[in-house]
Amino acid sequence: MLVPKRILSIFNFSGRQLRFLKYCLWFFVPVVIAYIILEIVVVNTPINFKIIGQYYREHSDEIELIGLGSSQMQSAFNPAYAEVKAINFASKSQHHNEDFHILKQTRKNFPKLKYVLLEVSYSHLELPHHRDDYWKNSIYLNYYGVNGFGRLTTYKDKLLYLSNPRFFSNQLTDYYIFQIDKSKFNQYGFDTNNYDGPFNEMGFDEAKIAQHNFQKLNNEDLSIFNRNTAYLYRILDYTKAENLQVIICTTPFYKTYLKARNPNILRRRDSILQVIEKKYGNITLLFQENDTLHFTVRDFINENHLNPDGAKKFTGFVNQKLDSLN
Amino acid sequence: MLFNSFSFGLFLPITLLIYWAVGFKKIKTQNAVLLVASYLFYGLWDWRFLFLIVASSLVDYFAGLAVANSENRNNQKIYLYSSLLWNLGVLFIFKYYNFFIEEFALLFNQNQGEYMFSSLNLILPIGLSFYTFQTMSYTIDVYKKRIEPTTNLLNFLCFVSFFPQLVAGPIEKAGDLLPQFNKPRKFIAEDTKDGLRQILWGLFKKMVIADNAAIIVNMVYYNPENYGSYSLVYASVLFFFQIYGDFSGYSDIAIGTAKLFGFKLSRNFNVPYLAKGVTDFWQRWHITLTRWFSDYVYFPIIQKNLRSTTRRIIAILITMSLIGLWHGANWTFILFGLLQAVLMIMERLPMGRNRKTSFYYRKPRIPSFLMPVFTFPFIVASCILFRSQSMDQVAVIFERIFSFISSENIKELLNRKFLFFLFILVASEVYMRHKNFPLYQLDKHLNRPTRWVIYYIFIILIFRYAGPKEDFIYFQF
């Protein structure tokens with residue numbers, strides 16, 4: 001028996017129930033073992049968060065700039081080209097609430113931190129924030145030690161595979177089974193081989209790209225805008241109290257996306273940026289969204305994400321901004 | 001605590017072990033375990049709303065007793081109306097107050113805030129509509145003398161808050177569920193295995209079908225202006241399967257979980273996409289809700305005038321509008337209900353004097369097995385109303401569908417793996433349509449190794465292909 005008799009004696013199980021219990025244990029033990037193996041494999045798989053976390057732990061006392069934002073920022077800023085020691089915490093679908101958790105909770109480990117590169121993209125203020133049970137919170141907790149759950153964490157919050165089985169299953173099958181993961185991360189966790197995307201598939205043919213259908217945000221939501229703007233002010237108040245220089249940036253868009261933007265969303269975002277610039281002394285803007293002069297079709301993966309070549313140029317603009325601040 | 005969460009994966013076996021460990025002869029202790037577990041289950045969402053459940057339970061418990069103890073019919077009515085006032089009042093304040101105030105203000109061109117009533121900033125307690133309807137049915141049934149009132153408060157509290165069906169049904173009638181708390185529960189291994197199989201099937205429907213369908217549906221409905229006719233129709237069909245997988249999956253898990261504790265809950269879905277008409281659809285979809293509204297709204301309106309066409313039309317219109325409104329405080333839901341009513345009236349009522357000439361009673365010229373094919377488009381059209389955020393969005397979607405705009409991006413929406421899983425769902429449910437669920441009593445037909453292989457395949461599918469975790473849609477109702 002798997003259950004000692006002495007323990008069972010305090011319960012009132014019948015023989016039939018005990019047989020059933022044994023049946024269940026036999027059935028579920030392989031499931032639990034398989035899960036533990038998966039969790040171990042996931043922890044040991046090289047994903048960008050792991051590399052960024054490692055870099056964060058090893059270089060936190062030297063870092064002067066941290067990048068925060070969504071996938072657009074993740075693909076646009078390569079700390080390898082930054083003229084100050086930098087780390088890029090931006091990741092896909094990361095909103096300002098996650099940015100703020102990361103900033104607040106990692107701040108104490110960055111004694112030399114001077115600059116925050118914060119993305120306020122076209123869609124940032126009109127997309128709802130994730131809830132506290134957002135799956136990436138497990139990643140932030142595991143790799144950055146950041147608690148985004150808004151409560152005390154439990155052992156369950158550290159289980160990576162369980163946080164998003166689909167995402168990690170895809171990662172594992174791509175990496176170990178099909179071996180099609182082409183990612184090539186530098187020591188900063190930036191993927192230097194991130195060229196695959198619709199633009200590459202279309203051979204950077206501008207005529208084809210002009211016909212390409214793509215996802216864009218056009219839905220307006222004033223209540224979300226009000227909430228997100230208030231949240232942005234909270235972040236900026238915090239940076240002011242911490243004497244941090246904030247570079248609010250927008251990353252370049254390809255011209256088809258520029259044309260497709262909703263003018264109301266754009267107007268609201270731009271007016272907020274203007275107000276912020278006037279209100280806060282520690283804010284400066286790096287507005288590259290409309291820059292079609294320096295960024296050509298070959299700098300993009302898709303309509304609103306830069307490839308590593310575009311990232312090199314964008315990081316150059318960040319450097320120029322840093323120079324202007326000094 | 002969600003059924004598809006890790007917390008529930010721990011909560012259920014622990015509760016189950018304690019429940020059976022106390023022994024089936026100690027009914028009171030078992031019920032006390034269930035009550036504590038149910039309050040814990042609910043309180044982990046928001047402990048403040050526990051007070052509301054307890055208050056509702058106490059109001060109906062004492063109302064039931066008062067109705068039974070009073071010999072004067074007028075006094076009985078007062079007790080009944082007090083209970084209804086409480087239940088409907090709570091429901092109105094939490095669920096409908098803002099909607100009516102806003103619509104009222106809009107009607108009289110009043111800006112919110114300047115009007116004497118301003119909207120309330122309240123969170124809708126999870127499962128409010130479900131347990132309120134369950135408690136109301138108890139008091140009404142006691143008043144109508146269909147059941148005897150219970151004098152056991154513990155059992156009544158368990159009946160209202162029984163955690164498997166507390167937040168999203170099935171909505172049980174007191175006459176069906178309450179007596180089960182009075183009787184000793186027997187541990188039957190075959191039923192327990194069936195319970196586990198039903199939970200597994202429910203998790204598959206929720207996590208693999210509904211949550212994957214949600215990716216496409218959310219994408220399309222977030223910005224319908226970006227999609228052509230076929231894409232919108234495809235997304236709307238997928239929404240039907242999303243909501244079906246989501247809600248029937250929840251019901252399967254609830255029924256399966258109840259079985260583990262020795263309880264029997266009512267079937268809530270019966271392969272609704274095989275419905276041969278809209279009336280038939282509502283006898284297959286959310287069966288317990290339809291039954292509730294039939295018993296407490298439709299039949300009381302008709303009373304004895306079953307042959308009166310006008311009364312039946314009015315009864316159908318009122319019942320289906322209320323069913324629509326039950327789903328949420330939005331014009332889209334009201335219109336959804338009205339559309340169902342109109343379709344039902346067209347199906348059921350005599351076209352001429354002869355009742356048998358109606359579509360519903362006339363022998364259809366279309367072969368019976370093809371009837372679902374003709375019904376399904378109407379169901380999908382209703383789904384558009386159900387899913388849309390506003391009437392404006394409904395208009396945009398219908399306009400785009402009937403403008404036959406080309407759908408160049410439909411390929412991006414087609415996911416072969418998901419469509420294969422959908423095929424598994426539909427094929428197995430259609431093939432096993434006479435059983436409660438496709439894995440029902442599997443041990444009668446297959447040996448243990450084969451069964452275990454099937455279970456493991458489902459577990460792997462759930463882990464490997466589960467979509468992003470979405471809340472159960474019906475929680476919001």
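Any Cβ shown, glycine's included, is placed from N, Cα and C.
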Which one of these stretches, B:1-19, B:153-171, shows up in TrEMBL as transmembrane segment? B:153-171
If I go by TrEMBL, the feature transmembrane segment sits on one of B:117-133, B:287-303. Which? B:117-133
Top stretch by Cβ pairs under 8 Å to the transmembrane segment (B:413-432) (candidates B:153-171, B:227-245, B:366-386) is B:227-245
Long-range Cβ contacts under 8 Å made by the transmembrane segment (B:313-346), restricted to residues 6 or more beyond its ends, are 95-96, 98-100, 129, 278-279, 282, 289-290, 293-294, 297-298, 301-302, 359, 378, 381-382, 385-386, 388-391, 394, 476-477
Determine whether the transmembrane segment (B:47-66) and the transmembrane segment (B:452-467) share at least three Cβ pairs under 8 Å, counting only pairs 6 or more apart in sequence. no
Beyond the flanks of the transmembrane segment (B:452-467) by 6 or more, those residues with Cβ under 8 Å of it: 197, 200-201, 203-204, 207-208, 210-215, 417-418, 421, 439, 442, 446
